[in-house]
């Protein structure tokens, strides 16, 4: 939309980290482009690209963080609330070990927001992430709560976030385990009411398994009897 020239290198068209080192790839791409966005799995890959590219490198998504999504989410919450960012409260419910929960914690800590994580303790973010964001929140006035009680997590919030329960690349066998652990953390009309805020809004980074209208959604319904998984 802004007139930039964009080149997309799909996985099959790149030898990064396979036949060519990340360091060498970074140096070559940095000579050809003014910026690089990396979307993949390893956080170490995007950090090594940033170290050697010599141009700005943007993290489009890794297993650990999703900062570009946070730019969109912060804008969306600001657009759909009459409060300044540091007065907005939001919850994340579900599997909190990966990029969305981690990044929402970082977002809230840096902007002084009120964030609650509602998840089984076995699916909480790592201790390192928690300690890091708590230290930042002390400086910014951010409020961070981690709880296994989903109703405590959503009480009074302006937004409820979630994400898929099984991430890219995980086997089908993971579904049974996650459903058993997380069935009490689905975003349902009842959970929205539990926020006790008639203006509460739902957010999801997408794609969402919210019905049977996909092959995976239909398989989940036939296998587990769920019409919608993390959200109904």
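Using the three backbone atoms N, Cα and C, a Cβ is placed for every residue, glycine included.
On a predicted model such as this, the values are computed, not experimentally measured, just so you know.
The annotation carbamoyl phosphate binding site is assigned in Swiss-Prot to 15, 39, 66, 67, 68, 69, 204, 205, 206, 207, 232. Annotation source Swiss-Prot lists site 'Important for structural integrity' at 79. The feature L-ornithine binding site is assigned by Swiss-Prot to 99, 163, 167, 168.
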Between 15, 99, which of the binding-site residues has its C-beta surrounded by the fewest other C-beta atoms within 10 Å?
15
Could you round the CA separation between residue 167 (L-ornithine binding site) and residue 68 (carbamoyl phosphate binding site) to a whole angstrom and send it over?
18
Nearest to residue 206 (carbamoyl phosphate binding site) by Cα distance: which of the recorded positions 79, 99, 163, 168 is it?
163
Are there residues of the same chain, six or more positions away from residue 204 (carbamoyl phosphate binding site), whose CB falls under 8 angstroms from its CB, and which are they?
161, 162, 163, 230, 231
Candidate nearest residue 168 (L-ornithine binding site) in space, where candidates are the binding-site residues 15, 68, 232 and distance is Cα-Cα:
68
Distance check, please: Cα of residue 79 (site 'Important for structural integrity') against Cα of residue 68 (carbamoyl phosphate binding site), rounded to an integer number of angstrom.
17
Let me make sure I understand the structure: which of the recorded positions listed (79, 163) has the fewest other Cβ atoms within 10 A of its Cβ?
79
Measure from the CA atom of residue 99 (L-ornithine binding site) to the CA atom of residue 66 (carbamoyl phosphate binding site) and give the result in Å, rounded to a whole number.
5
Determine, from DSSP, whether residue 204 (carbamoyl phosphate binding site) sits in helix, strand or coil.
strand
